[in-house]
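Lifted from TrEMBL, the feature list:
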TRANSMEM  12-32  transmembrane segment
TRANSMEM  44-62  transmembrane segment
TRANSMEM  82-102  transmembrane segment
TRANSMEM  114-135  transmembrane segment
TRANSMEM  166-185  transmembrane segment
TRANSMEM  197-218  transmembrane segment
TRANSMEM  250-268  transmembrane segment
TRANSMEM  288-309  transmembrane segment
TRANSMEM  321-340  transmembrane segment
Amino acid sequence: MSFRLLFSSSSATAMSTGIYTKHVVSFLFYQLVNGFRVDMPSNVEFICALILQFCSLAFTSGNSTAVSSSVPLQATTVVTTVRQVVGIISIVVNTFMIFVLLARGKFSVEMANLTAFVISSQLQAIGSMVSGIRFSNIRHRVYNPIVLASDCLLTYSDISLGHLNYLLRPLLFIHIGVMGVASAFTKPFHERKLRRVNIALLMAVFLICLLYVAAVWLEVFLVYHNWLVSQKCEYWTSIPVHHQQFQKCMYIFGVAFATILLCSVLLVKRFGRKEMLNMAQVEVIKRLLPLPIIGLIFRACPMVAGFLLARTYTAYTVRMLLYLTDDFLVVCYCAAYCYFHPDVRDYIIDLWSVVTDSF
């Protein structure tokens, strides 16, 4: 039995502790059966290599990680192309909607929540476009050196934008669900107070998300300061894994929670308890309900599948295309929402007439 072959079958930098244990047990069993001899070159070589490997495990910081030299899955042609197309279209449409909603200046609970959601969609679109451009260039690289994860955060804005939106979107879903229920069961003469509460909660949601991103940055810079990743700076290597899992669970919970809350109001109406409801706000809930449903189908369900399925080329491509479909459908629905809302449509028509008259 050649222990030189046994040990060289695994890379010294990629072997896990379990593989080391298997080598030790195999080595000791072999020596017990055949008699322990340290004068054999293969045995001496194996012992020295084993000591070096255990020293490497003992003294290497837990923040350092093995880096794959393969092309990241984000750099697949289909995904990067769709990212750029969806990102550019979304940025153009969202910019127009944000301008109209802010210029209109009348922020009911419905319009304030819609504006916040469009801003979230805009942040997602910017990150998607930047990520698509960046990874389309990475495909042509042959050599990618190792850098610190903190350098990735400082260099590439799409990582932080994606990180921010992964918490912002579910919190907005939860906020829309809670405020939808509160509005539906609130009498019309309390709507002014509800508007103030809604604005305050929206500001709190954005502040919480910014503080969370800042806390993750501090964690990477202070706790994981030796964390080495490929210069490709994939999202899942630049952000600690526990934060990625938290964000995915938070998104699944947020979109499911909002869907259940909004559907519960419609069920109350369906079973004949209309006297309890503010029917004008129930109509608002009907208009807002497709947003969490789109997120549930095209993002939350693929996330659950991602927990269960192995990350293969096909599975990743399908999941990313579903995510991008979610982004695109949200933008299209928000645009249709604004156009078919009578107050917003009238403002757009008036704005267009002013522009045409000026020329």
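Each residue, glycine too, has its Cβ placed from N, Cα and C.
As the structure is a computational prediction, the values presented were derived from the model and not from experiment.
Counting only same-chain residues 6+ beyond the ends of the transmembrane segment (321-340), those with a CB under 8 A from a CB of the stretch are 78-79, 82-83, 86, 89-90, 93-94, 97, 100-101, 114, 117-118, 121, 124-125, 128, 287, 290-291, 294-295, 297-299, 302, 348. If you look at the transmembrane segment (166-185), the same-chain residues 6 or more away from its ends with a CB under 8 A from one of its CBs are 109, 113, 116-117, 120, 123-124, 191, 194, 198, 201-202, 205-206, 208-209, 212-213, 247-248, 250-251, 253-255, 257-262, 264-265, 268, 276-278, 281-282, 284-285, 288, 291-292, 295.
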